[in-house]
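A.B. asks: Just passing along the structure, written as structure tokens.
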Ligand code: DAT
Ligand code: MG
């Protein structure tokens, strides 16, 4: 009687051993993480929020993916609906613009996905990833250049300076909402 080789392998239970092995070369131990001082230069945090239009259009995943695949580290996140007062505070620097009232009303009209991301030079790099304020001026490849059309529906917020990032993070998150961990890819992202 012919017995399929995979059945034979499955029935030989006495020795637990791998059925095949990957070829390996060189050092097979885990890479050593660098000392914090080596990768912490210009290590920054920024506040990113998927706006109500981005949430309603089902773009949270796409926006998160762009930051993840770039190599940035998510350190805090929450899905919430902000109050109009909260948005007035957030956009205080725009209080004298004609669109301030409408902007704050819109931003508090539905759920937003608020996040803090961490990485080297992330404030500047995140702004480049977002594109220009007006999607019409945003290059293809940027989030706004790929995914939206209108300045008042530009789907995502990102802090514009390191100082503003600190202020915005403090406005949206409490210290206990941050999660401390070391991503396993860290040693492959920073030398
Ligand atoms: P950004 O979001 O790129 O930092 P901003 O801080 O100048 O831009 O403005 C905040 C938001 O306000 C922006 O994302 C969309 C809206 N906005 C800006 N300029 C506008 C305009 N001229 N008309 C309508 N909405 C505008
Ligand atoms: Mg801004």
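Just so it is clear, glycine is given a Cβ too, placed from its N, Cα and C backbone atoms.
Predicted automatically and left uncurated, TrEMBL annotations should be read as such.
On a predicted model such as this, the values are computed, not experimentally measured, just so you know.
Checked TrEMBL, it gives:
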type	residues	note
ACT_SITE	157	active site, pros-phosphohistidine intermediate
BINDING	51, 99, 127, 133, 144, 154	ATP binding site
DOMAIN	43-180	domain 'Nucleoside diphosphate kinase-like'
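Please go over these features one by one and say how buried each is and what sits next to it.
C.D. replies: In the three-state DSSP reading, residue 157 (active site, pros-phosphohistidine intermediate) counts as strand. Less than 8 angstroms from the CB of residue 157 (active site, pros-phosphohistidine intermediate) sit 47, 48, 49, 51, each of them six or more residues away in the same chain.
A simple way to gauge crowding: the CB of residue 144 (ATP binding site) has 24 other CB atoms within 10 angstroms, across all the protein chains here.
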A.B. asks: Across the domain 'Nucleoside diphosphate kinase-like' (43-180), what does the pLDDT come to on average, as a whole number?
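C.D. replies: It averages 98.
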A.B. asks: Taking 133, 154 as the binding-site residues to compare, which has the smallest set of other Cβ atoms within 10 Å?
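C.D. replies: Counting other Cβ atoms within 10 Å of each of the binding-site residues 133, 154 gives the minimum at 133.
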A.B. asks: Just to verify: the residue among 51, 127 with the fewest other Cβ atoms within 10 Å, which of the binding-site residues is it?
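C.D. replies: Comparing Cβ neighbour counts within 10 Å for the binding-site residues 51, 127 gives 127.
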A.B. asks: Within the chain of residue 99 (ATP binding site), which residues six or more apart in sequence place their C-beta under 8 angstroms from its C-beta?
C.D. replies: 152
A.B. asks: According to DSSP, which kind of secondary structure is residue 51 (ATP binding site) found in, if we only use helix, strand and coil?
C.D. replies: coil
